């Protein structure tokens with residue numbers, strides 16, 4: 001076994017770049033070989049490396065094992081049982097009070113996207129209800145006290161709680177209210193185990209697992225961005241829940257950015273900034289959702305900056321989500337943007353076809369319904385924008401089937417979703433065009449909004465602009481806005497350029513025809 005691994009490592013070291021070899025192969029170790037069963041176990045030091053090695057190098061290592069032993073070998077990648085050990089994070093001392101506060105910022109109320117987490121994981125109705133309950137608690141009336149739960153060290157160290165993540169939704173529903181979750185505002189149902197993974201979110205999930213294994217060390221801050229209902233909230237809850245399993249006394253807080261703004265306002269009104277800072281500066285893990293709500297809130301940004309600096313200095317972990325790339329969030333101070341960029345920024349893309357099918361199948365299973373794969377593919381093919389829409393469609397199908405007493409089929413699905421499919425066919429969205437074109441040309445959806453100009457990105461972006469003009473009712477300025485705030489003249493140039501080239505380039509015309517047929521269903 002060891003002789004093989006030396007041989008395998010030497011070959012891989014020659015094939016890979018030094019950085020790839022040191023990062024991914026060198027930390028691996030063979031731990032067991034069963035000659036009778038022809039199975040080899042190779043251990044990785046953490047989940048991040050385990051997932052990455054399995055997806056990127058398992059095929060090559062399996063081939064080398066077969067060549068070495070001259071027989072097929074089942075290579076199994078496992079997690080090192082010693083992985084995840086770490087020392088507790090010390091809480092920092094409170095900072096001195098800030099200078100006199102500026103005028104309290106106006107709080108603009110908007111519907112937060114907490115429930116999108118349950119959609120991405122195709123969770124059952126219990127998860128959605130619990131997430132909604134957490135959102136309502138976070139949106140407490142301004143007259144209420146500051147939402148700063150007790151962080152008593154003895155209570156935290158004791159880790160007294162009646163339910164742990166992973167025990168199941170039924171256990172969560174029947175358990176007594178848990179002080180740990182009341183303080184942290186975590187939804188215990190949202191875990192890594194029930195997060196549906198695909199190409200669109202696999203890097204984000206891998207990074208989240210790495211952070212959960214090594215909080216304050218790997219990727220600090222971790223910044224996740226993407227559209228509504230793609231799983232950002234689910235992932236950050238999963239990180240918090242995993243940390244509570246590994247370290248029950250951890251001081252964790254999940255908060256929506258709008259509630260944080262509200263807390264700053266209340267602290268200013270009640271002259272309670274000492275309490276505010278003492279609480280937020282002494283966390284082990286701060287999970288802040290939808291930070292774009294900080295836009296234009298200068299006092300909130302100042303307080304968050306000081307909290308961020310205190311937490312990172314004490315090796316506490318900060319995790320942030322947003323609907324867009326950090327540098328594209330308007331109204332945010334440059335020094336905060338630079339802090340966001342100092343860690344790891346990962347996009348979560350809209351789910352690809354296979355992932356949409358998996359989500360539908362998982363959701364149906366959680367509802368106790370056996371969904372035919374053909375039906376799942378039909379729905380996934382016609383509904384592409386986000387997972388929340390998929391879940392809504394499935395609920396409609398299930399209700400229609402139950403009401404009419406008929407089995408679920410493609411025919412029934414067409415009837416149940418008649419209005420929705422009619423709207424989809426009549427109103428192709430720019431977002432769907434961007435996703436479809438990005439998939440077709442193997443680029444990221446985020447490249448549609450970016451300022452990057454390489455030909456392999458600029459060309460598909462121009463094609464997407466052309467299709468948006470041809471297939472939607474959007475004006476040139478509206479299309480430009482949806483492509484990262486570009487000027488309408490840029491859109492007009494792209495439309496004219498692609499229209500002209502289409503008449504001369506048969507290959508381009510064929511590609512456009514395929515894209516148009518795909519978008520029209």
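Keep in mind that glycine also has a Cβ here, set from the backbone N, Cα and C atoms.
What TrEMBL records for 1-104 is region 'Domain I, interacts with DnaA modulators'. Among the features that TrEMBL reports, region 'Disordered' is placed at 157-182. What TrEMBL lists as region 'Domain III, AAA+ region' is 185-401. Positions annotated as domain 'AAA+ ATPase' by TrEMBL: 218-352. Under the heading ATP binding site, TrEMBL lists 229, 231, 232, 233. Per TrEMBL, the feature region 'Domain IV, binds dsDNA' maps to 402-521.
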Fewest other C-beta atoms within 10 angstroms, as judged across 229, 231, which are the binding-site residues: 229
Cβ atoms near residue 232 (ATP binding site) (within 10 Å, other residues, all chains): 29
Neighbouring C-beta atoms (10 Å sphere around the C-beta of residue 233 (ATP binding site)): 31
